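Per TrEMBL, compositional bias 'Acidic residues' is recorded for 481-490. Per TrEMBL, the feature domain 'C2' maps to 63-181, 215-336. Taken from TrEMBL, the feature region 'Disordered' applies to 476-495. Annotated transmembrane segment per TrEMBL: 435-466, 539-567, in sequence order.
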C-alpha cells in the first residue's frame, strides 16, 4: 500500500518528534498513496544486544515462517475481535423533530463498524420508534455512538436531517441512562435509554485450554444456568462452545490450485473468526470459540472463505446449525453448502459443539422480540425467489380454500365426508351420512365451550407427535426437490435475468421487491403455523402444547369476561408501570422462532458423500 523512509541522521538524540511521511509506490498509477504519521525517538542502547539482520530472517524456512505468521495473526484476532461489554439502546421517540418536506423518517445508529437501522415511520413531530438494539463494546476502542436521523420524500430520495453523538465510555456501568439528545443541523431531540453491561462468556483459545474441558469450570458454568437461577439475568440464556477442528477437500480458489482458508462463525450479531492457513486445501485450525447465548432459537452459521489480499474473500462453503439440533460433545462432519444453503458445495468441515442453557429462560425468551440484525446489504430482486414465493403462497391458499370448500359442502350436503366418515359411507347410504353429519353438528354446537379450542389444538399436537416421522422426512425432501426444480428451471436464463429483467423493471423495482417480501412473509407465516403442530422443532411444539394445556384449564375454570378484564387491565396499565416498555405481540414473537419450509431445507444436515441433491441423484440414475 506504499512505503516511505527515514534518514536516522536527521533525528535528534533523546527527543521525540512527529514525522508525517508520504507513502510512495513506483509500480502504482496513483499519485496520492496517503501518509503515515510516526512519533520517533532516537536513544542510545545501554546494554549489548544481538542485531537480527534482514538477511538472517530471510533464511527461515517457509513452513516456520508460515507458522509464525499464523500464530501472530491468531493472537491479533484474539485481541481485536473479543468484546467485553454489551450496549443496550432503547430508541424511544423523537420530540419536535423538523422533517421539512420529507414524508417518512428513520434513524441510523453506528458504533465502529456496527450499524442498525430503525423502522421507517410516517413524518411526525414526535415519532414513536420504541425499538431496542444491542451493540458490542470494546473497552480499548473509541466508544462514540453516532446517531443520524434520515428522511425520505415521496420519490424515495433519502436526506440526512440531523445528527448527535454519545460518548459510551463516559456512562456508568449497569445503569439505565435516560438521555435526551439535541439534534445538530435541525430542530428536535431524541429520547433514548442507554445501558452498558459487562459481558462474559466470549473467548477464543486453543484446544489445549478448552474452557469446558476443565471439570471445575464446567461445573461452575452449569450452576450458573441451573434451574434455581432461572429468574436472574434473563438475557443470559446459555453458553455455546464450538471447536473448529479442520476442513477437508476444499475448493481451490487460487491459480496455484490451493486456497488460503479461514473460518467465520456467526451467532446472531456475534462474529468470531479463525486465523488463515495459507496454501492448503485441508486446513487444521484446532481453535475453540465460546459464545454467550441470548436466544436458544438462534442459528450458528459457519462460513469458510479464501483470503485474497486486499480483495473481498472468496466463498468456499457454508453450513447453518440450529442450536437446538446440537449434539453435545460429538465430533460431527458437515457437508458445506452454497451461499443459499440449498445445494451441496465442495468439501466438509469438522466441528465439535457443547451447549449449556437454562430451559426456563429459553422458554420466556421465546415470547419476546427477536434480536435485530446489523444493517447488511439489502437483498436484490430475484426472479427465482419471487417465483418460489408465489408457489408457496399458492399452495397455502389452496390448502385454505380446500378446507373452506369441505366445510361448505358439509352444510350444503354436496359432498361426502372424508377420513373415517368416508369409510363409514361404504356401509351406509348417503342420506344416513348426511343425517349423522347434521346430528354431530347439533351436538357439537350445543355442548361447545371455549376451552375446547385450545384442547383441540393440543390434541392435534399430540396426534402429530405420535404419528410416525416419515412425513417429516418426506416434507424436507419435497422442499429440496421443489428448490432443485427452481434451480434448474432458471439456471439456463441466469444471464438474461441479470441483463434483461433488471433493466426492464428498474423503474418499479421497489414495488416488486415489496411484493416479494410480502409474499415471503405470508408464505412463511402459514408454514410456521403448520410446522408448529408438525413437531418440526420439538422444543417449540412442546412449549405450544404446554401453553394450550394451561389455556384449556384456565378457560374451563375461569369465565371469559374475567380473563378479558385481566388482559385489558394489564395492557392499559403497562405504560404506567413501565413508561419505557416496548409493546410486542407474544404470538408473533413465538412464530418468528418456528422455521419455515425454506429454512427447514437450509438447516437440514447433508450426509457426507451426497454431493448431489435427491432429485438430481434420481435423474442421474435414469
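Backbone N, Cα and C atoms are what each Cβ position is placed from, and that goes for glycine too.
Here the domain 'C2' (63-181) has, by DSSP, the following mix of helix, strand and coil residues: 22 helix, 60 strand, 37 coil.
Across the domain 'C2' (215-336), DSSP helix (H, G, I), strand (E, B) and coil residues number 16 helix, 60 strand, 46 coil. On the 0 to 100 pLDDT scale, the domain 'C2' (63-181) averages 82 in this prediction.
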